[in-house]
């Protein structure tokens with residue numbers, strides 16, 4: 001069937017490994033591309049902390065400051081329930097959603113590298129506008145520019161990593177995006193902690209967003225685009241040169257290039273658009289399901305809203321402003337350490353083991369937080385929490401962050417970057433990013449209202465979703481460890497459920513040993 005899913009093999013059904021080594025060139029290239037995660041991580045870490053700084057609140061959200069004064073000792077769950085305050089955080093994700101959809105077409109036309117350069121430039125502009133903001137309008141416009149930068153970078157960087165990395169190391173190198181995201185969170189939370197000590201500290205926190213933007217902008221200027229992207233744009237000579245540089249001596253570059261060309265040739269046989277193909281064709285059903293399920297479940301782990309609003313949650317359970325910000329620093333450090341451990345084993349034990357362990361940890365942590373807050377803060381949020389229980393809330397929140405850093409943190413980027421066939425890879429990643437950013441908008445806009453109305457049940461709600469997603473992954477996700485990208489459909493064709501949808505493709509002219517591409 002034209003435009004269908006490719007199942008490449010060596011003749012007996014097994015996936016082909018072209019023998020690429022972990023060369024210095026591929027490590028540097030992937031580190032630069034992965035640094036795109038810095039800008040998203042910095043924003044995730046900075047937003048919640050700035051929202052607790054009273055000089056910032058007095059300038060832009062005076063209603064929240066009045067409610068803080070009136071709420072002592074009132075309903076602690078509802079102190080920060082302000083749609084204007086959550087709009088400050090969530091406006092970025094509306095812009096990011098739009099940008100990620102636009103970036104799908106731009107990525108196909110201009111390549112992954114160009115889109116990363118554009119993302120860095122937009123994020124730098126957003127940091128400058130928010131750092132110098134004098135009113136709420138300027139603040140929101142700056143946040144939207146940041147969102148455009150995040151949308152472009154999140155679309156291109158994971159694809160770049162998945163396509164450049166050798167098969168054996170793809171999981172670890174693609175997880176580098178989440179690693180830099182976690183580094184960005186830690187940098188942001190430390191910045192918030194020290195910046196909160198001066199009245200203009202919020203300007204410093206917001207304006208320094210330009211620093212990680214400069215890193216990805218300048219770094220991406222020196223990158224060569226991926227072989228898959230170059231072949232799709234008709235530049236096979238540069239694609240071969242890129243493979244020779246990053247794969248090293250001993251790799252079967254010609255065989256890998258032939259596989260890429262074959263995948264692109266089959267992709268071009270389809271006349272309908274990639275999004276339409278995913279929605280309408282039966283053989284693309286597994287990819288459509290996971291293009292929706294992965295970002296949806298990633299958001300429903302609850303870690304995004306916890307990352308944004310953990311300083312506010314810690315203040316809700318009785319910590320002061322500085323202590324709440326330090327708690328956020330600790331969360332970022334825990335996430336970074338667990339992510340590093342995950343990166344070391346992701347290509348040894350596979351993806352599903354990490355999902356199962358991380359899911360169990362997150363369920364225990366969310367149930368623990370719900371139980372303590374229900375018992376100690378009370379249903380109405382009017383009871384003061386004893387310090388040992390407040391410390392326990394921080395501990396359980398750290399445990400939840402550890403479970404996420406071990407599983408969904410890196411794998412939420414690794415899996416979407418590697419499962420899609422080349423003809424829908426940009427569209428699939430665009431769906432993944434746009435759905436994720438859209439749900440982030442919904443959650444950041446609604447979390448404080450949920451905390452006010454559902455109270456401690458908010459955390460039980462997320463625990464239930466983690467249980468659902470863990471079962472879903474166990475049943476429906478095939479193991480993708482060690483499978484070359486051009487052979488990825490093999491694992492779907494052998495899966496007990498998805499094999500009814502995936503099918504092998506007939507050979508194309510690219511399979512013939514002509515010696516040219």
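For all residues, glycine too, the Cβ spot is worked out from N, Cα and C.
On a predicted model such as this, the values are computed, not experimentally measured, just so you know.
Here is what TrEMBL says about this protein:
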- 29-481: domain 'Major facilitator superfamily (MFS) profile' (DOMAIN)
- 22-42: transmembrane segment (TRANSMEM)
- 84-103: transmembrane segment (TRANSMEM)
- 115-134: transmembrane segment (TRANSMEM)
- 140-161: transmembrane segment (TRANSMEM)
- 173-194: transmembrane segment (TRANSMEM)
- 200-223: transmembrane segment (TRANSMEM)
- 287-313: transmembrane segment (TRANSMEM)
- 325-346: transmembrane segment (TRANSMEM)
- 353-377: transmembrane segment (TRANSMEM)
- 389-409: transmembrane segment (TRANSMEM)
- 460-478: transmembrane segment (TRANSMEM)
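Among the stretches 84-103, 115-134, 173-194, 460-478, the one making the largest number of Cβ pairs under 8 Å with the transmembrane segment (140-161) is 115-134. Below 8 angstroms of C-beta separation, residues 33, 36, 39, 60, 99, 103, 106-107, 141-157, 160, 203-204, 206-210, 212-218, 220-221, 223 of the same chain, each at least six residues beyond the ends of the transmembrane segment (115-134), sit close to that stretch. Per-residue confidence over the domain 'Major facilitator superfamily (MFS) profile' (29-481) averages 83 (mean pLDDT, predicted model). A contact links the transmembrane segment (353-377) to the transmembrane segment (460-478), because at least 3 Cβ pairs that are 6 or more residues apart lie under 8 A.
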